[in-house]
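> Got a structure here, written out as structure tokens. Questions coming.
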Amino acid sequence: MSSRNDPPLFFHPAPGAVYGFPGARRVARLDSPHQRIEVWETAQLGRLFTLDARPMTSVGDEFVYHECMVHPAALAHPDPRKALVLGGGDGGAAKQLLAHPSIERIVVAELDEAVVRMAREHLQEVHHGALDDRRVQLVIGDAARFVATTTERFDLVVFDLTPPDSPAAELYTAGFYTRLKAVLAPRAILSMHLGSAQFHLERAAALLRGLRASFSMVHVMSAFVPLYGSLWLMALASDTLDAASLFKHDIDERLAARGIDALRYYDAALHPALFALPRGIRAALR
């Protein structure tokens, strides 16, 4: 699959740790003013893309990450209408949000226009045209600036960002959470990915401390995402909506009422398992 000119595709999630995709073929590369964007074709996960040599999403398993980041939060809200995606230029989160028929508007605040361009050209199987849906507005530029200046109020917020040690660092701070709360509707909930349970546990704990200082209800979820080579941690945060308390019949009823019947990973049976963390991880994140 690879050519002799393609570099090997290996990821280094922590010192001394490495995994990769032998035989990967690089489909495209673009150095934007913000980061290096690469799209690869792999035998294991199909097409995937990276930012600054970090894995972002792949056709083969994006549904695991995006369904978990969107549907537990969206189903906790009885009638979500407006959603804000911070980052999310690949369109995967927007695609999942559009499955909820009450959604009237989604703002995707993506720093790098080149990410959107690459996604449109190479990652159609991730976004399925969501980036061009009439309900989706792309705001290219600093998401913090958008939050500071918008007069809109959002029911759902999805932190679909690069990690804190990246250009998105400001969006993981207490100051940003305070500004974000000013643009949340009275009943609102946000989701955030925290990183690897194996390689980024201390960072995840620090992110949780920040969320717990800003929101009264914070719950941690986990799912194994093959592209990330790890059990991946995510959080839901709200002052009014408790996604972890939903019962199976609540989720079944809401999925049926919203006509959502084509998910590949998330459903009512899985929902409680997302919140069942291994004992050691649970202790580290207290």
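Each residue, glycine too, has its Cβ placed from N, Cα and C.
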> Of GLN35, GLN44, which does TrEMBL put in the S-methyl-5'-thioadenosine site with GLU110, ASP142, ALA143, PRO167?
GLN35
> Average the per-residue pLDDT over the domain 'PABS' (8-239) and send me the rounded value.
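97, rounded to a whole number.
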> Within 10 Å of each Cβ, count the other Cβ atoms and name the one among the binding-site residues GLU110, ASP142 with the highest count.
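Comparing the binding-site residues GLU110, ASP142, the most crowded Cβ belongs to GLU110.
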> Counting distance between Cα atoms, which of the recorded positions HIS66, ASP90, ASP160 is nearest ALA143 (S-methyl-5'-thioadenosine binding site)?
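It is ASP160, whose Cα lies nearest.
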> For the S-methyl-5'-thioadenosine site (GLN35, GLU110, ASP142, ALA143, PRO167), what does the 8 A shell look like? I mean other same-chain residues with CB within 8 A of the CB centroid.
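Those within range, site residues removed, are HIS34, GLY87, LEU111, ASP112, GLY141, LEU161, THR162, ALA168.
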> Measure the Cβ-based neighbour count of GLN35 (S-methyl-5'-thioadenosine binding site), defined as the other Cβ atoms within 10 Å of its Cβ.
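GLN35 (S-methyl-5'-thioadenosine binding site) is surrounded by 20 other Cβ atoms within 10 Å.
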